[in-house]
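Worksheet: the structure to be examined is printed underneath.
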Amino acid sequence: MRPLNDYLNSFLFTELLRGLRLTARHMVFRRSITLEFPEERAPKSPRFRGHLALRRYPNGEERCIACKLCEAVCPALAITIDSHQRADGTRRTTRYDIDMFKCIYCGFCEESCPVDSIVLTRLDTFHMERRDERVADKQKLLAMGDKYESQLAADRAADAPYR
């Protein structure tokens, strides 16, 4: 009886059918977890590291004090800062450039900044139409910070207990 049973099992592919049933149970009849990307967005953490931005104080003055710590700590050497001394003795940046092709979005610049001037936003989809747009200058970074200031402030407040 055993040889006949083995012959019928191999002839009818019962092992194959059992494997296909298991595959169908786990693949076909499960709910899909894929997102339709342009229409649906995955939720992002307040610590998400996206596009860089420069922040301002509530009175409109830029926060950057030109200490150049972010430039020194950047492992990719993507940040370039030039500064000058003002009449009141404080330093301010005349040039603040970030090469977006070099930047690895590690967040070291954000961590090293003593006045929370440079921050990483939640913006994850950005593009450039020309190669010379890869360098984000001070005006572009300040505009990005102005645009997302409410979200940046909320993210900083949510992350405050862990800093």
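Glycine is treated like the rest: Cβ placed from N, Cα and C.
As recorded in Swiss-Prot, the features of this protein are as follows:
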| type | residues | note |
| --- | --- | --- |
| DOMAIN | 54-84 | domain '4Fe-4S ferredoxin-type 1' |
| BINDING | Cys64, Cys67, Cys70, Cys113 | [4Fe-4S] cluster 1 binding site |
| BINDING | Cys74, Cys103, Cys106, Cys109 | [4Fe-4S] cluster 2 binding site |
| DOMAIN | 94-123 | domain '4Fe-4S ferredoxin-type 2' |
Shortest C-alpha distance to Cys74 ([4Fe-4S] cluster 2 binding site) - which of the binding-site residues Cys64, Cys67, Cys113: Cys113
Near-site residues: [4Fe-4S] cluster 2, ref Cys74, Cys103, Cys106, Cys109, CB cutoff 8 A to centroid: Cys70, Val73, Pro75, Ala76, Ala78, Ile79, Ile98, Ile104, Tyr105, Gly107, Phe108
Beyond the site residues Cys64, Cys67, Cys70, Cys113: chain residues whose C-beta lies within 8 Å of the centroid, for [4Fe-4S] cluster 1: Ile65, Ala66, Lys68, Leu69, Glu71, Ile81, Cys109, Ser112, Pro114, Val115, Ser117, Ile118
Cα proximity to Cys67 ([4Fe-4S] cluster 1 binding site), best match among binding-site residues Cys103, Cys106, Cys109: Cys109
Count of other CB atoms lying within 10 Å of the CB belonging to Cys106 ([4Fe-4S] cluster 2 binding site): 15
Most crowded position, judged by CB atoms within 10 A, among Cys67, Cys70 as binding-site residues: Cys70
Non-local residues, at least 6 beyond the ends, that sit with Cβ under 8 Å of the domain '4Fe-4S ferredoxin-type 1' (54-84): 90-100, 102-104, 106, 108-119, 138, 141-142, 144-146, 149, 152
Nearest recorded site to Cys64 ([4Fe-4S] cluster 1 binding site) by CA-CA distance, among binding-site residues Cys103, Cys106, Cys109: Cys109
Same-chain residues at least 6 apart in sequence whose Cβ lies under 8 Å from Cys109 ([4Fe-4S] cluster 2 binding site): Leu52, Cys70, Val73, Cys74, Ile79, Ile118
Greatest C-beta neighbour count within 10 angstroms, which of the binding-site residues Cys64, Cys74, Cys113: Cys64
Summary of DSSP states over the domain '4Fe-4S ferredoxin-type 2' (94-123), given as helix, strand and coil counts: 5 helix, 9 strand, 16 coil
Neighbourhood of Cys103 ([4Fe-4S] cluster 2 binding site) by C-beta distance under 8 A, where only residues 6 or more apart in the same chain count: Leu52, Cys74, Ala76, Ala78
Across the domain '4Fe-4S ferredoxin-type 2' (94-123), average pLDDT on the 0 to 100 scale: 95
